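Below: the structure, in structure tokens.
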């Protein structure tokens, strides 16, 4: 059971008093505590469906294309990746260090996946195979039940009809 507190104050401002603006503003105050909570509801005078407000267009000047420089005979040597740099007593990780660690982690998990695939029985009761087999069995059972309902012949008769129709057995 919930106890609802009475609304002590609702204040609605008359939108016709401010004719200079195109939007109406209403203020509701539900003060049940010492600290009042004020809600302001604004509505526009436009009609039609609700629309998401659009962002103002950004003004960018088009950049002039930079002519490509002449390629040198040898590419500049890449700097060795830095592990961590201490700046004002704080440890800063570089992008190259993160990239190198990400590649190492990818290789580690690839290797671990290959090792896990190599272990275990090739044939036998594996959970993934058992789930798949169970789903196929339930699907076949559901199809058999629907066929029995539609044709009136039971599951054993359906198997006999299938075997005779495919020419595997002559049961008639």
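Positions of Cβ are set from backbone N, Cα and C atoms, glycine also.
Quick look at what Swiss-Prot lists:
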type     : residues : note
TRANSIT  : 1-43     : transit peptide
TOPO_DOM : 44-135   : topological domain 'Stromal'
REGION   : 45-90    : region 'Disordered'
COMPBIAS : 64-82    : compositional bias 'Pro residues'
TRANSMEM : 136-156  : transmembrane segment
TOPO_DOM : 157-172  : topological domain 'Lumenal'
Other parts of the chain folded back onto the topological domain 'Lumenal' (157-172), taken as Cβ under 8 Å at six or more residues beyond its ends: 144, 147-148, 151
Tertiary contacts of the transmembrane segment (136-156), as residues 6+ beyond its ends and Cβ separation under 8 Å: none
